Amino acid sequence: MMASLKAEETSQMQLVEREENDEDEDLFEMIDKLIAQGINAGDVKKLQEAGIHTCNGLMMHTKKNLTGIKGLSEAKVDKICEAAEKIVNFGYMTGSDALIKRKSVVKITTGCQALDDLLGGGIETSAITEAFGEFRSGKTQLAHTLCVTTQLPTNMKGGNGKVAYIDTEGTFRPDRIVPIAERFGMDPGAVLDNIIYARAYTYEHQYNLLLGLAAKMSEEPFRILIVDSIIALFRVDFTGRGELADRQQKLAQMLSRLIKIAEEFNVAVYMTNQVIADPGGGMFISDPKKPAGGHVLAHAATIRLLFRKGKGDTRVCKVYDAPNLAEAEASFQITQGGIADAKD
């Protein structure tokens, strides 16, 4: 009995020690650390020019992709990968270590307590949250609210970080940020200065904007990337069934990049999605709809949220799919100050 208690105490002490050590570790290791491992500075610069700024990000690329970088031979890539493996651990870890790692995940408030409760605290980092629904259901309004709440300190359920916003539909309104910032007692000018914004016009432009984010996120404390919407440009640039396979392949590459950004820099990715008619939705559902993007998008999103219009000016958010959340729903309201709890 005593031996069992001592073993349990020892185990708990080890967990505490590992947790304390883990807090001291950086979220990612900069790519220039490869130089200390014997990698030529010129080769490190080539990696940076290709959009790879951390050793963590390097390990998320295939050797085939790396040899596609001008000036990097197969032998050089092998040497670079071996050096990176000495700096970052991309192998197995125990379940306890995985639990400790999960503690670095930040939950960003949506501005609505009911919605936060539904999501287990808010929009989480190191994950992709997809919000889909018809127009005027509140997806973009939540995006604008998150632009502000992400910058709140962590003791106010914020992310204490900057915001990156990629707009594919031309719906971002900086003047909308002002009353939301005022609601949370923040300086609107400072809030806007902490948002980097880009308007994408083609799916290629959208992908290139993602590639350029790595350099910024490795230098500054970003906490969320918003893409509004993920599918719009693909539906415009690829038309007809003949281009569907190519579209889905390009979409998969885009989503893979988003997953890597989320995990590499511990940022939340919030992306909106459109809906399409669902002919197989059933005769008992009026006007059945499903999210656009097919299985490719469905498998990439960590958390999928269905937004719909409720009674009057209320909106409803339902957990459509999530690994750790119950299938439930919550009501919210769109106010001058952003997303808020619905009035009874």
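Cβ from N, Cα, C; glycine included.
Taken from Swiss-Prot, the feature region 'Disordered' applies to 1-22. Feature annotation from Swiss-Prot assigns ATP binding site to Gly133, Glu134, Phe135, Arg136, Ser137, Gly138, Lys139, Thr140. What Swiss-Prot records for Arg235, Arg241, Arg247 is dsDNA binding site, and it gives similarity to another entry as the kind of evidence. Sequence annotations record features per position, and here Swiss-Prot assigns ssDNA binding site to Arg235, Phe238, Arg241, Arg247, Arg315 based on similarity to another entry.
Positions of the features from Swiss-Prot, shown on the structure.
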| residue | record | Cβ contacts under 8 Å, 6 or more apart |
| --- | --- | --- |
| Glu134 | ATP binding site | Val275, Lys289, Arg308, Lys309 |
| Arg136 | ATP binding site | Lys309 |
| Ser137 | ATP binding site | Phe307, Arg308, Lys309, Arg315 |
| Gly138 | ATP binding site | Phe307, Arg315, Cys317, Phe332, Ile334, Ile339 |
| Thr140 | ATP binding site | Thr171, Asp228, Thr272 |
| Arg235 | dsDNA binding site | Gln274, Ala292 |
| Phe238 | ssDNA binding site | Tyr203, Leu244, Asp246, Arg247, Lys250 |
| Arg241 | dsDNA binding site | none |
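All protein chains included, Gly133 (ATP binding site) registers 24 other Cβ atoms within 10 Å of its own Cβ.
Excluding the listed site residues Arg235, Arg241, Arg247, the same chain places Phe234, Phe238, Thr239, Gly240, Glu243, Leu244, Gln248 with Cβ atoms within 8 Å of the centre of the dsDNA site Cβ atoms.
The maximum pairwise C-alpha distance among Arg235, Arg241, Arg247, the residues recorded as binding dsDNA, is 11 Å.
In the three-state DSSP scheme, Ser137 (ATP binding site) is classed as coil. Most Cβ neighbours within 10 Å among the binding-site residues Arg247, Arg315: this distinction goes to Arg315.
In this view, the densest Cβ surroundings among the binding-site residues Phe135, Lys139 belong to Lys139, judged by other Cβ atoms lying within 10 Å.
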